[in-house]
Amino acid sequence: MTAPLIELRHIGKSFAAVRALDDVSLSIGRGEIHCLAGENGSGKSTLIKVISGIWQPDQGEILMDGQKMEGLTPRSAIAHGVQVIYQDFSLFPNLSVAENLALSSELHEGRKLVSWRRVRQIAAEAIAKLGVDLDLDALVETLPTAGKQLVAIARALMSDPHLLIMDEPTTALTGREVEALFRVVRDIQGRGIAVLFVSHKMREMLEISERLTVIRSGRVVAAGPISEFDEARITRAMTGQEIAAEGYRWTGDPRGKPLLEVAALSIPGQLENIALRIMPGEIVGVSGLLGSGRTELALALFGMKPGYEGRVRIDGREVRLDSVQEAIGHGIAYVPEDRLTEGLFLTQTIDRNMLVTSHDRLSRGGIMQGGRAAREAAEMIREMAIATPTGDRPVTQLSGGNQQRVVIGRWLLNDPRLLILNGPTVGVDVGSKAGIHRKIRELAQSRGLGVLMISDDLPELMDNCNRILVLHRGRLVSDTPAAETNEAKLSELLGALA
Amino acid sequence: MKSLALTLRRHPEWMVAAVLVVAVLTIGLINPVFWQPANIFSLLRASVITGILALAVLLVMLSGGIDVSFPAFAIAAMYLTVKAMIAWGFDGVLLPFAMATAIGIGLGLVNAVFVHHLRMIPLIVTLGTGTAVRGFILGVVGTSQINIDQMPPLLIDFARQDLFTVTQGDGSAAGLSAMVLVYAVIALGVHLMLRHTMMGRSIYALGGGEEAARRVGFNTRRTTFFIYGLAGALAGFAGLLHGAMIWTANPRDMVGLELDVIAAVVLGGASIFGGRGSVIGTMLGVLTLVVITNSLIILGVDTTWQRVVVGLIVIAATAVTAWRDRKRIA
């Protein structure tokens, strides 16, 4: 039996007190499509960085072609044929496709001068190798995401790698683009190049990979040929929870007065004739592919799509939500998907971030009541169980999960009626995730808060929502109680839409 | 609109070229004196110093930074060099320019250390070094202006040379300063460096994304030191040339010039976010700025309005580039 292309034996890696990888073993054969699965924060990225030589493992050994590697560096990893395509592609948006492709090979050949004819020639060869069609003179920033990805793949293939690592390659792609990507990946495999496909999306893993390794909290929890897996087993391995994990039950009166009622909501080109209602205490999940209109729905309800058509009622009263101020005034709170750029003031303290939406309420005659503000912030830190000794620490010092609690806590200070969460646990580690979920459920139950939870993460929706909506191309295509569906059905539905 | 935005993103030089043509035609129409060789030559001459300094700013801006220390560095190099020449009784051209350039490189490398090793924001670094250098010159080296009677004669003779002279309609002679050629040679050198060397491309790469540049394998430290060193060299050289061209070495000169130069570079299509800009565009931007501000006089507008015009140009040019780059910021 020939040695595998790459073999990791008992790899361990710690950062300060955090054990990022613990006794991880993994082997990838030549020309194999191997899937590395795990939730955010499970240690996937750390593992990639160990294989590509960016980080040295504390324990264990790495073998390439059966040969032990000591002190692997990015350069030596590349020399051994390991190429990584990062999620952000690491391209130069301001340069042409041709130059993006040619730069690294020119650089590694130690050239001092640039011949534009050679640059074009190298680039044309790289594109031809991949068998795709790209305008060599286009600036990379003008390409769609799928185009940028092709440039990144073409660039990685130029050095004739043995192993191509793709970090979450399908995140920003549409269904059709994912299909095209899979064709490219299979074609790459056909040339004897192994592909390590890093993902957390069930359907994709089952479709593309031959072998699967699942890691959770830095440990390998399942591994084997893909035929041994189904969605339920992967989910169980990734989350560590039994599927039977109790879903959220809404116990309110279905004939009561709805908290939110939306009728015939339309925004040309974005949303079409959406009707939905949310009762107090309900947690309603929203799923849909990228571009399905789910974020637009959230923005419309938060007053950021002024001039929408249709009617919105809150507590039975008809309201217009044409500005963020009006939406907040009607008790609507929105936690955006990208909390780092949209939700938090990163240079400010936890307290200030927390109080930023409460200034009007906490001030008298335009002057903040410092004592009351500090007291409320401290209470909320306790209530949301944010891991910090005091609120005057910079918010950047918190982990992703705790930052998310700050954003949620901020809105709770204003006693909202409806909380809209867009990707509530993106970039949050597994342990924290469960904590946030528990908190959201508690709030819905005890305060009668209505929650609209938008997420890509189907298990997250299944576990926390009592009802799940599916949007597609701006239309509401399904509205089902969570008890009557399951993850497989949902992902099948989403797959059919793609 | 879309194709216009695309064209502008690929070739922002067209925009400034159009602005220049419109400005020249309008001014020439209002006052035909504009077309006299003496005026044209004087405009070209006036763009030499701003132009060389603009090339320095272009380098820094391409890498994603901004430099406001160059007028201070230029003045420091000029004043120290002239002082030294007088003190040592030396007169000449090559050696003094070498010295001024070397002073500029030294100061530029100080900027590079702060920017690269301490990861400081270039604007703050260069504000600090520029202010400190100005203070040092005035406090330690001297505050007195060195006038024509003390200036080294060979230096002045060098800067006085004309490429050629023409006789104008009224019989007076007008010459084109040979310093325009010096500027052109430097610009050509910077252009070739940016366009055809790996070092030049690494500057664009750095401006496109520092992390990506590092992952591809660029030595970003070397690139940063090169950028600030060369920017300093250009500033030092321009400083001494400026003194030679106006026959005075004034340690309080060039105050506020940074805004004019940055305005010219932005007008020339360079992006304040880095990664975009060219030597051609910058030269056109400089010429446009010089034509507009200097023509206010022959248009009969009070010269105090010059500052208003410069400010408006900065805002208008930045607005256009921001519109062009909006996709990237969003």
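Even glycines carry a Cβ here, placed using N, Cα and C.
The transmembrane segment annotation in TrEMBL covers B:12-34 (among others). Within its own chain, the transmembrane segment (B:12-34) has Cβ neighbours under 8 Å at 40, 267-269, 276-278, 280-281, 284-285, 287-288, 291-292, 295, 298-299, 320-321, 324, counting only residues six or more beyond its boundaries.
Below 8 angstroms of C-beta separation, residues 34, 67, 70-71, 74, 122, 174-177, 179-180, 182-183, 186-187, 190, 203, 207, 227-228, 230-232, 234-235, 237-238, 241-242, 245, 257, 260-262, 264-265, 268, 270-272, 274, 277, 279, 282-283, 285-287, 289-291, 294 of the same chain, each at least six residues beyond the ends of the transmembrane segment (B:40-61), sit close to that stretch. Look at TrEMBL and you will find B:40-61 (among others) tagged as transmembrane segment.
Beyond the transmembrane segment (B:68-88), the same-chain residues lying 6 or more positions past its ends with a Cβ under 8 Å from any Cβ of the stretch are 53, 56-57, 96, 99-101, 103-104, 107-108, 111, 123, 125-127, 129-131, 133-134, 136-137, 141-142, 146, 150-152, 155, 231-232, 234-240, 242-243, 249-251, 253-258, 261-262. Sequence annotations record features per position, and here TrEMBL assigns transmembrane segment to B:68-88 (among others).
The transmembrane segment annotation in TrEMBL covers B:94-114 (among others). Nonlocal intrachain contacts for the transmembrane segment (B:94-114), taken as residues 6+ away from its ends with a CB within less than 8 angstroms of a stretch CB, comprise 67, 69, 73-74, 76-78, 80-82, 84-85, 120, 122, 125-126, 128-129, 133, 152, 155, 224-225, 227-237, 239-241.
Annotation comment: TrEMBL describes B:121-141 (among others) as transmembrane segment.
The transmembrane segment annotation in TrEMBL covers B:173-194 (among others).
Annotation source TrEMBL lists transmembrane segment at B:225-248 (among others).
Feature annotation from TrEMBL assigns transmembrane segment to B:254-273 (among others).
Positions annotated as transmembrane segment by TrEMBL: B:280-299 (among others). A Cβ distance under 8 Å defines the sequence-distant neighbours of the transmembrane segment (B:280-299), meaning residues of its chain 6+ beyond its ends; these are 12-13, 16-17, 19-20, 23-24, 27, 30-31, 33-34, 39, 42-44, 46-47, 50-51, 54-55, 58, 187, 191, 260, 263-270, 305-306, 309-310, 313, 317.
TrEMBL lists B:305-323 (among others) with the feature transmembrane segment.
Tallying C-beta pairs under 8 angstroms between the transmembrane segment (B:254-273) and each of B:121-141, B:173-194, B:225-248, B:305-323 places B:305-323 first. Ranked by number of Cβ pairs under 8 Å to the transmembrane segment (B:173-194), the listed stretches B:121-141, B:225-248, B:305-323 are led by B:225-248.
Listed by sequence, the residues of this chain that lie at least six past the ends of the transmembrane segment (B:225-248) yet keep a Cβ under 8 A from its Cβ atoms are 45, 48-49, 52-53, 55-57, 59-60, 62-63, 65, 67, 70-71, 73-79, 81-82, 96-97, 100-109, 111-112, 115-116, 145-148, 151, 155-156, 158-159, 177, 179, 182, 186, 190, 199, 203, 206, 254.
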